[in-house]
Ligand SMILES: Nc1ncnc2c1ncn2[C@@H]1O[C@H](COP(=O)(O)OP(=O)(O)OP(=O)(O)O)[C@@H](O)[C@H]1O
């Protein structure tokens, strides 16, 4: 039963995967499909014509028509080889691009971050994306050659069967156990590879730590080389041991089956010699028999090998299809259009726990703000500040309570429209290694070609001065990753991220420690910009610099994931001891500096 299920699954995956060829390139797929039977049937046709020619030769002349048939078939089947190779190459390129684009589109459809924090989903995603650049090659090469070989084998068995059907039947039967064993081993090796996926990521991380510019300073300063190399070898040995076992098993089993089928071939050859000695078959018949026997056994072997290698690829495709079918459990997107006026935003008894965590990151959070208010969120490390804004941006959904905008749950709004209304600078902002125009323009892709808008965003985000001083232009590539790129200081990168957030005409701005890497003058200037640019906008800014809280209309104080206070700064400083202590501690450290 399990075998039938596996075979059904194999065929289903095979057909499903083939549909991707069609989607990737209809032209190449059609020609390849047309070439398959030509190439597959040519060997049997050539052998059969050669037999007739030999029999004719022994009894007189070979008719010209036979020579012509042989020549034409030989020419077509030979010409099919380079055509096939080129088309397979073209189709491979298209399929790789198709698979990668589909993966990127799928990623676009995942709105939240919860799935990315599920270890098995993340491991699968890493496997699918890291192998997407070469797996489709195997799908094409093994997938196509397997069909071709199957047709060739059937045509050969048909020729063999005319001499002795039993030889054909025994040959077919000998394929079955070996195929099953091969598939089983291939599945084993794929599963070993999948289960070693976390290890594979680990060793990749170890080697990258020593090879990338990012960690180069610390690695050298603290002499981390021996540690990482030792860890690499330890994990690698564990992985290698499991894979080696699977590969050796595969080799021994193949050798045993090879022995059986070679013995079978020798036995059938002896039988044919006896038949000829008894005068029951012609010399031409002997040629056909020997050629078909070797072609069939060769075909059987390579088709078992190709189909089991294809199986490996189909198991990968299964992971690919699984990823493509993944659905988020939270319904992130509603139907409502975003309101033209944001009147208020409120959290009502919101509690949230990160996936797989024991404790709440936020508990029973309730507050309301009105449009145009500037809210500073303060609190010690780990108090839940970033989590609160991540919930507001709908990267996660709270397990309890609701977040509302204009008294409507934010889950009811269309997520794309909703997110467009937010501008944000994250604590761990992304550095995009792109030309400056794109790096900033990505804040509002529709305005990417608007030079004036980009220059203004740079002025507002405090990057314009560095832009002039460093002699940059809008086409300068940021980062050293690509040829001709230039690197920026931490503060300059942050200013690029801030400039990007000023590109969008967002109604709500979220700034998660926007000035952490900035010098005091830049910080002052950027806050000035915020005040100017965020008039009538609702702003949430997380800050550890309590001097900045004076810019806020209200301060939300978080402590251990709960609200400790929510009021204007001057009120809190008088009434909230925890806040006053935090503020005075920092004020003192400023004075002592
Ligand atoms: N992705 C995550 N998965 C699991 N736990 C997380 C995740 N992100 C944050 N946490 C935990 O949630 C709690 C709140 O984290 P959060 O980042 O919101 O704090 P924060 O106040 O912004 O801290 P900081 O001032 O250090 O930036 C912390 O205990 C943190 O360890």
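Note: Cβ is positioned from N, Cα and C throughout, glycine not excepted.
TrEMBL entries are annotated by machine, without manual review.
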Practice task
With TrEMBL as the source, identify the stretch among 206-228, 229-251, 252-274 annotated transmembrane segment.
Solution key: 252-274
Problem - Range among 106-125, 166-185, 186-205 that TrEMBL annotates as transmembrane segment - result: 166-185
Completion exercise
For the transmembrane segment (66-87), the distant same-chain contacts (Cβ-Cβ under 8 Å, at least six residues beyond its ends) come to 28, 31-32, 35, 38-39, 42-43, 45-46, 49-50, 52-53, 56, 144
Exercise for the section: Quick one: find which recorded stretch in 31-54, 139-160, 252-274 has the most Cβ pairs under 8 Å with the transmembrane segment (166-185). Expected result: 252-274
Exercise for the section: State the residues, same chain only, that lie 6 or more residues beyond the ends of the transmembrane segment (31-54) and have a CB under 8 A from a CB inside it; answer 'none' if no residue qualifies. Expected result: 21, 62, 66-67, 69-70, 73-74, 76-77, 80-81, 83-84, 87-88, 91, 144, 147-152, 155-156, 158-159, 282-285, 287-288, 291-292, 295
